[in-house]
Amino acid sequence: MPRSPARAIVRLLAVLSLVALPAGPAVAAAAPVSRPAAVVDVMIKDFAFDPSSVTVHPGDTVRWINKGGTDHTSTSDTGLWDSLRIAPGESFRRTFGTAGTFPYHCAIHPSMKGTVTVR
């Protein structure tokens, strides 16, 4: 008995539709949520960093603003950065790219200490 071409095409389409089905339930991959980089302010006043400890995300910037009446610095304890002198009314910025804990101090007034935590 000869096979009809129409019947062969129907069988082929049926097989192809089964092959094209996913092996398991379809799950949409969640796209990572992006957020704009933040700027976190640390005020320098009364011979202290306020707040003395901040937590930021990779890509965020910390801005130290001198609200006092004398020069100060933001100097990494490990040498990663040094603002040099920040005059009253001036500021210094640093963008943090990697996770970690970064202690810092004022090189002019060593009792002034702070920490930036990046998570």
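Positions of Cβ are set from backbone N, Cα and C atoms, glycine also.
Feature annotation from TrEMBL assigns signal peptide to 1-28.
According to TrEMBL, the domain 'EfeO-type cupredoxin-like' annotation covers 34-118.
Counting only residues at least six positions away in the same chain, the Cβ atoms of ILE44, PHE49, HIS72, THR73, SER74, THR75, MET112 sit under 8 Å from the Cβ of CYS106 (Cu cation binding site). If you look up TrEMBL, you'll see HIS72, CYS106, HIS109, MET112 marked as Cu cation binding site.
Considering other CB atoms within 10 Å as the measure, the emptiest surroundings among the binding-site residues HIS72, HIS109 are those of HIS109. One way to see the shell of the Cu cation site is to take the Cβ centroid of HIS72, CYS106, HIS109, MET112; the remaining same-chain residues with a Cβ within 8 Å of it are ILE44, PHE47, PHE49, THR73, HIS105, ALA107, ILE108, PRO110, SER111.
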